[in-house]
Amino acid sequence: MAKTYDYLFKLLLIGDSGVGKTCVLFRFSEDAFNSTFISTIGIDFKIRTIELDGKRIKLQIWDTAGQERFRTITTAYYRGAMGIMLVYDITNEKSFDNIRNWIRNIEEHASADVEKMILGNKCDVNDKRQVSKERGEKLALDYGIKFMETSAKANINVENAFFTLARDIKAKMDKKLEGNSPQGSSHGVKITVEQQKRTSFFRCSLL
């Protein structure tokens, strides 16, 4: 049976328990939101195929448990990941502080060239905010990675975050291929117009 995709990207969602990783995953994969998700036990994944630059890209997105007792399970899944989203809850200071710990785990266990992005989730709950957008932006700048604020509940920037990460992974792959090509021709990566319409980019921030 012929493959229905051109590329397969393995992505990870990591962060403390309760920051909304499962909700972000379901919003992107199912366009659904459920406020009664229990904490993920172990690891689960969802698949969604998107189109970038005329290529079909299958995203295999792993939802890893944030609790400390599952850390030994999740670290086995860092290897092979091409993109990692580090998620914190803007209403939970501790989850933001722990992003640095998660980054250390990535540096220890993941591929050196893995694409990373920080997501400040639950930006719809601004009246309970404990972490300013500027602090999220500065943290991302410190590590040289991208940042967005998202809301799985209000469907803000979730689509855009996954497309941005996938686009960066594909651009890096294309650059490597060009380096091995005698022509060295360039290939731009674009989000389709249809997908652009589905994003909610303007309501929260992107760095």
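Note: Cβ is positioned from N, Cα and C throughout, glycine not excepted.
These features come from Swiss-Prot:
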BINDING   17-23, Ser35, 39-40, Gly66, 121-122, Asp124, 152-153  GTP binding site
BINDING   Thr22, Thr40, Asp63  Mg(2+) binding site
MOTIF     31-45  motif 'Switch 1'
MOTIF     63-80  motif 'Switch 2'
MOD_RES   Thr72  phosphothreonine
MOD_RES   Ser181  phosphoserine
MOD_RES   Ser185  phosphoserine
MOD_RES   Cys204  cysteine methyl ester
LIPID     Cys204  S-geranylgeranyl cysteine
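Structure with Swiss-Prot features highlighted.
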residue : record              : DSSP (3 states)
Ser17   : GTP binding site    : coil
Thr22   : Mg(2+) binding site : helix
Asp63   : Mg(2+) binding site : strand
Lys122  : GTP binding site    : coil
Ala152  : GTP binding site    : coil
Separation of alpha carbons, Asp63 (Mg(2+) binding site) and Lys122 (GTP binding site) (Å): 17
Site of maximum Cβ density within 10 Å, from binding-site residues Lys21, Lys122: Lys21
Position of peak Cβ density within 10 Å, selected from the binding-site residues Ser17, Thr22: Thr22
Cβ atoms near Cys23 (GTP binding site) (within 10 Å, other residues, all chains): 23
